[in-house]
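Colleague: Heads up, here are the entries from TrEMBL:
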ACT_SITE  Asp320  active site, proton acceptor
ACT_SITE  Tyr405  active site, schiff-base intermediate with substrate
DOMAIN    26-109  domain 'Copper amine oxidase N2-terminal'
DOMAIN    118-214  domain 'Copper amine oxidase N3-terminal'
DOMAIN    243-641  domain 'Copper amine oxidase catalytic'
MOD_RES   Tyr405  2',4',5'-topaquinone
SIGNAL    1-21  signal peptide
Amino acid sequence: MATIKPFLLVLLFSIFSRISSSKTHHPLDPLTREELSLVQLIVKKSYPPRSSPVFHYVALDEPEKHDVLSWLAKPEPEPLPRRAQAILRVHKQTHELVVDLKARKVVSKHVHRGPGFPSLTLEEQTAANDLPLTYGPFLRSAAKRGIDVSQVVCSVFTVGWFAEEKQFIGKRVVKIQCFSKKDTVSVYLLPVEGLTIVVDLDEMRIVEYKDREVAPMPRAEGTEYRLSKLPLPHGPRINGARLVQENAPGFTIDGNVVRWMNWEFHVSFDARPGLVISMARIYDPDQKAFRSVMYRGHISELFVPYQDPTEDYYYKTFFDSGEFGFGVSAVSLVPNGDCPSHAVYMDAFYAGPDGTPVHVPNVFCIFERHAGEVMWRHTELAIPHVTVRPEVSLVVRMIVTVGNYDHVIDWEFKPSGSIKTQVGLTGILEVKAANYTHADQAAASEEAHGTYLAEHTIGLYHDHFLTYYLDIDVDGATNSFVKKNLVPRRNTNTGHHRTPRKSYWTVLGVGPTELVIENPNKKTKPGNPHGYRLIPGPVIHPLLAPDDGPQIRGSFTNYNIWVTPYNKTERYAGGKYVDQSQGEDGLAVWTRRNRKIENEDIVMWHVIGFHHVPCQEDFPMMPTLSGGFELRPTNFFERSAVLKAVPPPPMKADGCGVVEP
């Protein structure tokens with residue numbers, strides 16, 4: 001690692017100090033390239049020479065929520081202080097620092113001594129992946145299997161936590177699995193089985209190696225997915241479509257603040273959750289003011305436990321955000337592929353392992369979605385008359401690639417006041433090699449733990465649990481969570497109304513069906529409390545035993561809905577330090593405190609997901625599987641928010657007629 005000489009350090013420190021004070025920020029803006037460089041210099045200056053701190057996480061240390069809301073309410077607010085939080089590894093210890101950018105000094109330093117470690121850096125993963133390729137025992141294992149080491153790539157996998165494995169406690173270790181890339185680009189589909197390789201990341205060396213057995217290799221044939229390499233004929237052919245917007249784009253971006261139609265919100269980047277939506281407000285023409293809907297929203301964690309308990313795979317129970325970082329794993333978006341031609345892009349920066357800013361171009365795209373949907377319509381048969389409004393929405397997108405899976409993450413805003421989220425899962429399946437040549441053999445075996453997809457290839461069963469952090473502020477921070485049960489009733493035909501109808505349903509008291517965040521202090525003219533309703537995503541429940549190590553760590557998946565009082569430090573469902581955590585921190589632990597959540601500043605956590613049983617259509621690449629949820633206004637407005645929505649002017653394409661709205 002390169003070192004900075006003392007006189008250069010002082011010079012750069014002076015330069016970046018002047019830069020950091022020259023720009024006015026929105027209080028939730030992510031750290032800029034210049035601020036990250038300043039943090040790097042301040043932190044290195046606070047340690048003795050040759051300490052070589054490794055930066056695992058650097059982000060804005062956000063101001064207190066009440067200070068941000070006060071800032072927003074002022075017509076010409078003064079800038080709020082800018083501080084950064086940093087998590088480092090120094091001499092095999094985890095250090096937590098807070099840096100005051102204006103004072104240009106470290107104002108807080110703490111050593112974390114509990115279980116768990118910070119997320120892995122990309123650079124240490126690369127270094128660990130290279131170790132087997134020059135390791136004598138591995139070279140002999142490869143030769144025994146007839147594998148050319150020059151055709152091998154390796155990948156890091158976190159080890160999870162199991163109380164029985166005392167040898168790993170307190171040690172920052174990972175396991176390495178290697179794959180053949182001979183005659184394929186789908187390296188995850190050709191695993192080298194029967195090996196255990198354990199690497200100590202702090203010492204960067206192999207500390208355990210076992211060669212247990214030789215398994216047959218899957219065949220490369222049928223694993224190619226690049227169109228240029230696939231045999232003819234190709235198809236089906238995708239017809240192109242070009243969206244023409246006369247005044248594109250239909251939104252503005254001021255720094256990190258996006259304004260579109262009746263919406264205004266802040267977009268930010270964080271190395272851990274990646275895309276963060278903050279301070280979402282919608283304009284109410286009746287009140288002639290913006291009204292708050294959501295203070296902060298992002299994916300808190302993605303828990304992916306694989307269901308193979310055998311030696312090669314039992315530990316594969318990943319926490320993709322906490323162990324690898326959604327922001328660090330975000331990829332640059334491909335125009336006209338990942339996003340439509342009219343999208344606008346935003347870049348991001350995060351701190352590399354030596355603190356140097358890493359640039360991620362095109363990490364977000366923002367675009368108007370004209371999908372041919374209907375916003376609302378009605379045909380009045382008696383007159384007759386038809387009124388219709390086409391649906392248009394605004395999408396903010398990020399794509400995260402962690403290992404074999406790609407995750408397409410969308411936040412979608414609608415003029416009606418709804419906020420929709422969607423996650424699309426695609427990429428390559430996790431497979432294992434097995435001595436099967438037909439599906440009947442795999443079905444008859446208790447050792448398959450997956451679907452037979454191709455010769456010697458099993459697609460492993462697994463789950464995807466996505467937990468969202470949703471700090472909903474309906475017309476202010478003081479809210480309540482209300483559950484209303486839809487109860488079936490038998491029509492007794494008593495009283496004045498006698499009809500043939502035999503049953504109906506009604507809303508009674510408290511129950512698990514209608515889920516609403518309400519502001520009990522604000523009501524519509526008819527007297528209904530202002531609210532936002534959750535229309536849940538795909539419901540999934542954990543099937544692991546509650547005393548199993550992965551489920552202890554992933555106990556935040558025990559319920560699909562959690563509600564906690566707002567706490568700035570409680571943002572990650574799996575806890576602050578997820579790698580090798582033991583379930584001692586996180587959402588399930590915080591909830592045991594039984595704190596007050598009625599008429600308080602509250603946060604809702606929503607767990608969605610899929611039990612994934614692979615099928616042959618998922619091989620060799622997986623068509624996108626999507627799921628999401630909607631936050632929908634419920635008695636928030638006095639009437640429909642899109643009653644007066646003005647449709648776009650009619651356009652006539654060649655050979656097409658014009659349909660009037």
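Keep in mind that glycine also has a Cβ here, set from the backbone N, Cα and C atoms.
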Colleague: Asp320 (active site, proton acceptor) to the residue listed as 'active site, schiff-base intermediate with substrate': how many Å between their Cα atoms?
Modeller: 10
Colleague: What's the most sparsely packed of the active-site residues Asp320, Tyr405, counting other C-beta atoms within 10 A?
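Modeller: Each of the active-site residues Asp320, Tyr405 was scored by Cβ atoms within 10 Å; lowest is Tyr405.
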Colleague: Tally of helix, strand and coil residues over the domain 'Copper amine oxidase N3-terminal' (118-214) according to DSSP?
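Modeller: Taking each residue of the domain 'Copper amine oxidase N3-terminal' (118-214) in turn, the totals are 31 helix, 29 strand, 37 coil.
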Colleague: Quick one: mean pLDDT on the domain 'Copper amine oxidase N2-terminal' (26-109)?
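Modeller: Taking every residue in the domain 'Copper amine oxidase N2-terminal' (26-109) and averaging pLDDT yields 96.
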